[in-house]
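Notes follow once the structure below has been shown.
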Amino acid sequence: MKGVRMWVPLLLFAGFCGLAAYQLTQPKDEFIESTMIGEPVPDFNLRPAIETRPGVALADLKDGRAKLLNIWASWCVPCIAEAPQLEALQRQGVPIVGIAIRDKPEDVARFLANYGNPYTRIGADDLSEVQLSIGSSGVPETFVVNGDGVITYQHIGDIRAEHVPLLLQELAEAGA
Amino acid sequence: MRWFLRIAIALAAAVSGPLAAQQSLPPAPLAYEQLPDAEQEAQAQALMETLRCLKCQSQSIADSDAPMAGDMRHQVRTRIAAGEDPEAIRAWLVARYGDYVSYAPTVSETTWPLFAIPGLLILIAGMILWRRLRKQA
């Protein structure tokens, strides 16, 4: 009996090491999800990021139509990767409102000339204030906002082709 | 010595090139600027040291040079200068990013074992010690 009990601490220690080793091999979840899902977008008013599109204010989100709110920037490389998907969504009639983070008008214009402009409006968020107010932690991120200005879904990272059906479904549920 | 310099310059160029290309806007006004009121600045500094940078994990926003951390420092200083309570600012951020954004430990539904287990272990160790000592006596 005593011989068996002697091994208990070692077994416990080995079990702990095993657990730690297992956790180390697990892929880390780097995404910081917004806790604003189901909450209304706080009030804001952003100047236009380029001349050819108007800026964005909260009232523009509350026009009764569900839409995509795309947080992006011209200096963001994955934003180039998601451009074709945004274009496809726009062609299907989805209203897409853009918020450009820390960006200059000339850089925004160059990006849109190169990769297409799927946006109805683009606001310039020079101090990341709107981004912080909706719990977004990077670019690109895409929020589904319903016609009352309430966030119903958050997509973190670039939109790939396989994400489009889910976004369309979320938009339909939000009442597009 | 010259080859060393050459490598150092090449390295510096390789590192700074992409950084410079990344963002062209200057940092937010209060990202690197202290508040004129020393007491308010101390409050802001204390809060910034316990808020987590969202871009650069495992750094506080006071430690980080990421543009987003600068924007967060700007927001913290602006709000404290406007007379907002530091804990209200923390609560505002936690409402957006969850506990993740705060380094200040709180007892909650998921974290209470972290506070309870050490006490429990000390209690068990004390009991074992007490029994052993009593046996010896």
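Glycine residues also receive a Cβ, built from the backbone N, Cα and C atoms like all the rest.
Database features, via TrEMBL:
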{"type": "SIGNAL", "residues": "B:1-20", "note": "signal peptide"}
{"type": "DOMAIN", "residues": "B:29-136", "note": "domain 'CcmH/CycL/Ccl2/NrfF N-terminal'"}
{"type": "TRANSMEM", "residues": "B:112-130", "note": "transmembrane segment"}
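Distant neighbours of the transmembrane segment (B:112-130): 105; these residues of the same chain sit at least 6 beyond its ends, with a Cβ under 8 Å from one of its Cβ atoms. In the domain 'CcmH/CycL/Ccl2/NrfF N-terminal' (B:29-136), the DSSP tally of helix, strand and coil residues is 66 helix, 4 strand, 38 coil. Restricting the average to the domain 'CcmH/CycL/Ccl2/NrfF N-terminal' (B:29-136) gives a pLDDT of 93.
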